[in-house]
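Working notes for the structure below.
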Amino acid sequence: MLDIRLFRNEPDTVKSKIELRGDDPKVVDEILELDEQRRKLISATEEMKARRNKVSEEIALKKRNKENADDVIAEMRTLGDDIKEKDSQLNEIDSKMTGILCRIPNLISDDVPQGESDEDNVEVKKWGTPREFSFEPKAHWDIVEELKMADFDRAAKVSGARFVYLTNEGAQLERALMNYMITKHTTQHGYTEMMVPQLVNADTMYGTGQLPKFEEDLFKVEKEGLYTIPTAEVPLTNFYRNEIIQPGVLPEKFTGQSACFRSEAGSAGRDTRGLIRLHQFDKVEMVRFEQPEDSWNALEEMTTNAEAILEELGLPYRRVILCTGDIGFSASKTYDLEVWLPSYNDYKEISSCSNCTDFQARRANIRFKRDKAAKPELAHTLNGSGLAVGRTFAAIVENYQNEDGTVTIPEALVPFMGGKTQISKPVK
């Protein structure tokens, strides 16, 4: 959520930033109009309350002097009714303002390129060279079925489209990837490992920006009023919701693996085969809490943490900065890492790393103190995929496939695969 003072002090800046995202800047005028009404109501209510205090003193004085106080008692009742009415109007305006403010996205950083879609994202780095095959490479969905690593048909029978059973060495590879990623982030990148709740309440989803605007993208357990998480970013960021982080704690760096659940509303017809776009998938997440002056350097560091995984696995990738028309709701700036997939003859997103500045912290009331005597300030929150496990799985299977149908295990994963160096079709 944005600071109301930005609307008051820099309305034109806010309008231009909102317009860059393709949203209607008139919302700024709506907020300012409601804010003016609110301030007038507060002023009028305070005057009434001051008068009520004065009248209360007059009533007490008249009673002490055994004088008739009917007139001031009547005024007191009228003031009480009027104050109650003003408070009701104020609550209504507050509700309207919050309803509008919570749907306004974060302000985009000045160095984010302008554009309308992912076609306008700007490449800033490329690593590795896509492999030239001496044979016709197969898509990962064909490879995993031939090697008995996955079963899409039975998953469709059990759960519907966009689900998968990982079987045999497919399940082992998925587990190995998660263990490898978590181990690297905790032992080399300084993150604290967390196991997170995968069902969360509405306040938690509100804190990170999924609610109320993106409810159609979520799965909800109606009976309990809980939501399945779309990413571990949600419970990890909300760890400090409604808390003041004590001096000396920041920077705080969390990493955690979880299943992620997404309805994929609006993605009909896109990536319908394989592991790229599922309703349920595994992901290792990185979340950071930073002092405001440190968050931009933290974004660069976190992105290189994700890149280190891809480089150690030997997977060609590129880094792009998302344009104004493609960046997420809560982010001020986002880097996407895209891995090379031979079946697409293109790069596909495998990680998204964002600085959300104080946007989520304001929604979730996450503050910190620089020292014991200092006034609490809003922290900056960052999040990044480190990495999407299913897409990493797909990238390994495609990039490390062999002409005889086997798949070579990247050297970095061999210890996590029990020493296994190759995946072959099971004997039975």
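Glycine residues also receive a Cβ, built from the backbone N, Cα and C atoms like all the rest.
If you check Swiss-Prot, you get these features:
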type    : residues                                               : note
BINDING : THR231, ALA232, GLU233, GLU285, SER385                 : L-serine binding site
BINDING : ARG262, SER263, GLU264, GLU349, ILE350, SER351, SER352 : ATP binding site
Legend entry - Alpha-carbon spacing, SER352 (ATP binding site) to GLU233 (L-serine binding site), which is rounded to whole Å: 11
Inset, instruction - For SER385 (L-serine binding site), write down the residues of its own chain that are at least 6 apart in sequence and whose Cβ falls under 8 Å from its Cβ; none is a fine answer. - result: THR231, LYS283, VAL284, GLU285, MET286, ALA306, LEU337, ILE350, SER351, SER352, CYS353
Inset, instruction - Might you list, by sequence position, any residue in that chain lying six or more from ALA232 (L-serine binding site) with a Cβ less than 8 Å away from its Cβ? - result: MET194, VAL196, GLY256, GLN257, SER258, CYS260, LYS283, VAL284, GLU285, VAL287
Inset, instruction - Would you measure the largest Cα separation among ARG262, SER263, GLU264, GLU349, ILE350, SER351, SER352 for the ATP site and round it to whole Å? - result: 19
Legend entry - DSSP three-state assignment for ALA232 (L-serine binding site): coil
Inset, instruction - Please find which two of THR231, ALA232, GLU233, GLU285, SER385 have the most distant C-alpha atoms, given that the record lists them as binding L-serine, and give only that distance in angstrom, rounded to a whole number. - result: 9
Legend entry - Sorted by sequence, non-THR231, ALA232, GLU233, GLU285, SER385 residues with Cβ within 8 Å of centre, L-serine: VAL234, LEU236, GLY256, SER258, CYS260, LYS283, VAL284, MET286, VAL287, ASN383, GLY384
Inset, instruction - By Cβ count within 10 Å, point out the most packed of the binding-site residues listed: THR231, SER263. - result: THR231
Legend entry - Neighbour count (Cβ, 10 Å) for GLU285 (L-serine binding site): 29
Inset, instruction - Tell me the Cβ contacts of ARG262 (ATP binding site) under 8 Å, same chain only and six or more apart in sequence, or just say none. - result: ASP217, LEU218, PHE219, PRO230, HIS279
Inset, instruction - Select the most exposed residue of GLU233, GLU264, GLU349, where exposure means the fewest other Cβ atoms within 10 Å, treating these as the binding-site residues. - result: GLU264
